[in-house]
Amino acid sequence: MDIFVTLIQVLDSTIRLATPLLLACLAGLYSERAGIFDIGLEGKMLMAAFFSAAVAAVTGSVWLGLLAGIASSLVLSGLHGLASITFRGNQLISGVAINFLASGLTVLIAQSWFKQGGRTPSLFGGGRFESAEFPYAIGPEDAELTGQPVSELMSDANSIHMVYSELLSGHSILVYVAFLMVPLTWWVLFRTRFGLRLRAVGENPAAVDTAGVSVVGLRFAAVAICGVLCGIAGAYLATALQAGFVKEMTAGRGFIALAALIFAKWRPWHAMWACLLFGLLQAIALRFQNIDLGGVVIPVQAMDALPYILTVVILAGFVGKAVPPRAGGEPYVKER
Amino acid sequence: MTVPAIELKGISKAFGPVQANKDISISVAPGTIHGIIGENGAGKSTLMSILYGFYKADKGEICINGTKTDIPDSQAAIAAGIGMVFQHFKLVENFTVLENIVLGAEDGGLLAPSLSKARKELKELEEEYELFVDPDKRIDEIGVGMQQRVEILKALYRQAEILILDEPTGVLTPAEADQLFRILDRLRAEGKTIIVITHKLREIIENTDTVSVMRRGQMTATVKTAETSPEELAELMVGRKVLLQVDKVSAKPGKPILEVENLRVFDQAGVERVKGIDLTVRAGEIVGIAGVAGNGQSELLEVLGGMRPGQGSIKLNGEPLALSGHGSDGQARRAQHIAHVPEDRQREGLIMDFHAWENVAFGYHRDPAYQRGLFMDNAALRADTERKIEKFDVRPPNGWLTAKSFSGGNQQKIVVAREIERNPDLLLVGQPTRGVDIGAIEFIHKQIVALRDQGKAILLVSVELEEIFSLSDRIAVMFDGHIMGERLPHETDEKELGLLMAGVAEEAA
Amino acid sequence: MDKMPKWADVVLIPLISLILAAILSALVILAIGENPVEAVNLMVTGALGSTYGWGYTLYYATNFMFTGLAVAVAFHARLFNIGGEGQAMLGGLGVAIVCLYIPWPHWSIALLAACAASMLFGAAWAAIPAYLQAKRGSHIVITTIMFNFIAAAFLNYMLVNVMRPQGSQDPATARFPEAVHLPTFQSMFSTAENAVFKGAPANISFFVAILACFVVWALIWRTRLGYEIRAYGHSETGAVYAGISPVRITIVAMLISGALAGLMATNNVMGEAERLVLNSTEGAGFIGIAVALMGRSHPFGVFVAALLFGFLYQGGAELALWTSIPRELIVVIQALVILFTGALDNMVRMPLEKLFLGLRKGAE
Amino acid sequence: EPALIFDLGGKFDKSFNEAAHNGASRWAEQTGKTYREIELQSEAQREQALRRFAEAGLNPIITMGFAMADPLAAVAGDYPDTKFVAVDVNWLDAPNVRQIGFAEHEGSYLVGMMAAMASKTGTVGFIGGMDIPLIRHFGCGYAQGAKAVNPDINIVANMTGTTPSAWNDPVKGSELTKAQISQGADVIYAAAGGTGVGVLQTAADEGILSIGVDSNQNHLHPGKVLTSMLKRVDVAVYDAMKAGEDLQTGVFAMGLAEEGVGVAMDEYNAELVTEEMSSAVADARSDIINGNVTVVSYYENDSCPALQF
Ligand SMILES: Nc1ncnc2c1ncn2[C@@H]1O[C@H](COP(=O)(O)OP(=O)(O)OP(=O)(O)O)[C@@H](O)[C@H]1O
Ligand SMILES: Nc1ncnc2c1ncn2[C@@H]1O[C@H](COP(=O)(O)OP(=O)(O)OP(=O)(O)O)[C@@H](O)[C@H]1O
Ligand SMILES: [Mg+2]
Ligand SMILES: [Mg+2]
């Protein structure tokens, strides 16, 4: 039972850690499927994290915060689109620039706005996303009623009830949004006209163009969706997982999401599994530091590096060659 | 006089400093097939792309069925009833045929209804025009001939009344080309108007009603096909007299240079593409390999050229060559005096972003003649390039241009110059004149024959039967990874070869 | 025929882009309530107005030259090496080992050994991603990102548990012995009556970096290997046709790239800190990506872009010293410079091309 | 005019540097005078900032963090008339440097005791930032304090990471907190800079107690933060600025006796601290001061008797 409890908790942590990765990964998926490479996921998330927290702090409404986060991420998306679609610039450079821009601007604005050293004030009450408690799930309310801590109630419950309460219930609404985005993305990409065109424009924009569809329009649409999803990811970090913005709080998650995207070979369901895997590896590494193997203590640094080492191993061992969308990274130029 | 289906008036188009089209006017009567010919880079594709809304003209106007029509993009062209099959197909390779056909012409936001509707209509179109395709195959699983059908179906599905085809037969076998023109005939009979760009004079003469000739961005003549001859068209095109037939003395084959025994080749997916063939090429002869694209000729050439591994045995001048691992790559082959003009000059034979003078060393960049100490001797390279450019009449004669800024014909001349000038024992040649204009074809053919006359062995792979006939001293036909039979050119004809190429066994043929 | 004169392409466009970036930066400075003229003045005099300022500018530029060249070489083989950071960290480890555990008679020999060691360690750290890319098709972008994290953990382990001197609380190695201290610009160029580059960290490895620029230039454009790297980078099928082994080129290019990134350690570890500290690379590996992209992967471009970033770093430091402008302003300015000179340069180029075409037409 | 050089974490790190900032501001407010400051952003700037400030005639120059020791050793001799203050450094041989070493292990010992006494589950947690000796030093003192109260206590210790982002990853801090809670911890001590914000937040959300570090963080979540381990950097900075050019140099230890470290008691945690707790802490404090109890320093020992890292 004890192992089972730990397992459930690790998986619970996995879900929380995977959510921002998943949102960013799906964001990248839309963009890259349309042929626009995006290494600026990190920057967009960071910008959204800041603006969602800032607006939530000022207005006290997390929903307004979410909107602001999405809007700010969309502005950066627009910039990326302008550079890489309209002016056919180098998509990698544009992404790098956006990461720098977000990392500088968030702190700069936060400082001149709140004077708390590039941080937003802590959020509370309506300024944060509360976790959604499912009916009959064990949650803080039960804890208050019985006077026992949640963890104790949890370990007393039967396993199904525990899985239900710990794993399924009790996450922020954005977590459910993220996971619902997976089938939705799959459906949009493979079952709708928009998806067909989107995938086509990432493979061969000339085919889309000569079929009478606007390449520029499609690509901007994709980049915009990417902006929205990055916005949600950032808002999740700052207003659901945390209660406010701290500088550089995305801490490289945009790059991990990018890795997951390549890992998933640009497919929605695979993206979910890849992000869950990354989340799981992190959750494990966080929970089991200083493992003692009969006298030999594995140094904490090794556990810290474990998710990354395992990623490389899995990549080398099982994933094989990932072929990106064929027109990816190349601006669509008709007249040379 | 009926109203012309298409009328272009004073079309001009510049790409930066390049004037691709200069004040071009042309009119095409409805229900006719109109041919356009011209050298590489004459501006044919540009003109048609303007008509299809792919490029925007700088000046000029377009009338469709007598009404002035603005065509800012392809959508407008489609709405005006124009369909176009581009020289380089505009298909999404990892989509199915059906998906490619509905792309951009879906009805409704959901895919499923569009696809099932398209599937039904496709059936009807197929029956009507005998354009059979498997709607569920992916584009990268079907041959180029099929791909072209998909392009045509795409246009017909959008109810095109005017159909433009840019060099449609460049990639087709003779049989496929004949079939294409039968389909075009049928379309014309239905009252559709067709424009065909081609480099092949025979096709113009046999199939078109009128023909226009373009040269250096201008329209030099428009004539009724019935009132002209291939010689006259060739002269209009190139501006000088052209020999349409290769003239060569008969071969004097010497000792065997290349001996292939039981060669097998598997592709990356493990599919056997060459299934145990035997072949000999002697000094002083050209052996032509005929066959429909995709029957193992490419793989044969690639194994011999060191681009992929194989099994079995090959000997050069009696010495066995490695077929895999060490000593089997392109460098080793070149060291063994095998030169290779690859099938795809843009993907293989040249680095499109390299200067011409860098490309002149491509593959031979380790030749000591090109080195000076630790470094490459760029001055020597450039001098060498100048010589070759002059000898092979590459235009423009500027070694500093990147490969991509030469026309297809001139790109091919660079490749041929590089390979032939090595004076190899064995020359491998794949599709030497694909998409190349007749002026350049004439030149390249002459060079190949000259090499043979020096007593070198040449293995030629081409899908152009005409080319096979006019160059080869001996013809082998490949089908499904086997050699179906060997013939001497004067003892056979297109019909017999066509049957062999279709896999009809020797006895039956 | 070109669309416009070469000088316009090489000088005019970057210049206009830089001016645009500067204007936007000025607006940002205004928006946070500071005086842009004063700020620019501080940056320029602070970074370029004295030998001291140059000493810092060139020190940073040296770092960025190494990492920029590393990224550039990989780019030529169409490999995106994001792992410069980790490779430079390992290079630092190599330098530290060489400098600490071997008694060198003179800095010059030590420098040679340190160059060799840093290149070896950097290359070794690039070798696994290179091998996996070449043989298993594992995407080099992911593996190099992962190797950055692994390098950080490894270095942390080495410094905290292995190389830290007894009793020191600082997760860093001991100071290198006097004999391996590299000559700084101060010691090289000062005369008895006139001290220049006072206290600035620029040191002899700046010349190593310049040398590296030349070597990379010669390698890429003058040698067979460079020819093969470029050919492979432009067309893999072409490379196979020409008998150039994709596996070999992938591995060799990454090894060179890693070695160049590792070489950075001669500057920051051996030349400046004179000991190995945690986080000694400070993101220079990532700046290298921007530098290589802006320099269009050409060593001369890398050199100029590295100087520009060196200027921004030192100018930014002066801003931080004498005003209350938050240090993040410099990051924003960097972003704008990258954006305008790198990603949005067509915004400037397109109208200019039209202009020149019009001029030419007019002249004809 | 004095100058203050913040460490790489930046002046608003909610702990160490921020405490210095608070001390300096307090001095500026009270005296109406001004001071110069810089937030370092690279290693090479350490020496640069020292020299530039010294050349500009600023005096004294106050530096934050052990990483300044090395540059100070190189620079201080060149400016014999300038006085330097090195916070968190106590091993330099330089006549014009005032070196201030805090006995973090002693303060951590006290909060460790409080944690053990407040814990109902018999498990307490420690979350560090980047895995460096300084943070182990905190953790080690904490563990000894906890064990002193309850020898059988279970101590869960985690580090956030090995890169500088370990100081700024509240999300990871939050996950670590949850992980420790699931291992039974009901009091968690965070010594992790910005990451600690996430630890305190999650502890409050999950209904367990947390312990802040460096500055008084009790007010962040009233009634949820058991106490904060105070490291009176603010006092050190304030005193240095106040003394001005007459500053005394030499090595100064700021332990419990000097009130350099301590535990934060205020209205925000008054309800959480029992009589028993405060008297135990007071006893331990005097025991440590008069030498009856020694807290092992990880720095000096290079390993920890109460906790394995
Ligand atoms: N996309 C483009 N960008 C710039 N210049 C172009 C482009 N396409 C064509 N050109 C220029 O326009 C001229 C005409 O090219 P076009 O492709 O129309 O020739 P073509 O007659 O179709 O040749 P081919 O027989 O080789 O197909 C070329 O010489 C070239 O300089
Ligand atoms: N970047 C460029 N700038 C200027 N002109 C170009 C450029 N790229 C190609 N061209 C011109 O465009 C014309 C057509 O080029 P294209 O690529 O269509 O080759 P092609 O002659 O049609 O050969 P193929 O039939 O094999 O495709 C050529 O004449 C060439 O000079
Ligand atoms: Mg062409
Ligand atoms: Mg053409």
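Keep in mind that glycine also has a Cβ here, set from the backbone N, Cα and C atoms.
As written in TrEMBL, here are the features:
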| type | residues | note |
| --- | --- | --- |
| TRANSMEM | C:12-33 | transmembrane segment |
| TRANSMEM | C:53-75 | transmembrane segment |
| TRANSMEM | C:87-104 | transmembrane segment |
| TRANSMEM | C:110-128 | transmembrane segment |
| TRANSMEM | C:140-160 | transmembrane segment |
| TRANSMEM | C:200-220 | transmembrane segment |
| TRANSMEM | C:240-264 | transmembrane segment |
| TRANSMEM | C:302-323 | transmembrane segment |
| TRANSMEM | C:329-348 | transmembrane segment |
Which sequence positions outside the transmembrane segment (C:110-128), separated from its termini by at least 6 residues, show Cβ-Cβ distances below 8 Å to it?
70, 81, 83, 86-95, 97-99, 102, 104, 143-144, 147, 151, 179-180, 182, 204-205, 208, 251, 254-266, 270
Any contact, the transmembrane segment (C:200-220) to the transmembrane segment (C:140-160), with at least 3 Cβ pairs under 8 A:
no
Chain residues outside the transmembrane segment (C:12-33) and at least six past its termini with a C-beta under 8 angstroms from it:
39-40, 325-326, 329, 332-333, 336-337, 339-341, 344-345, 348-349, 352
Counting CB pairs under 8 Å, which listed stretch among C:53-75, C:87-104, C:140-160, C:302-323, C:329-348 touches the transmembrane segment (C:240-264) the most?
C:53-75
Other than its close neighbours in sequence, what residues sit by the transmembrane segment (C:302-323), given a CB gap under 8 Å and a spacing of at least six beyond its ends?
34, 38-39, 42-48, 53, 56-65, 68-69, 72, 210, 213, 287, 290-292, 294-295, 329-330, 333-334, 337
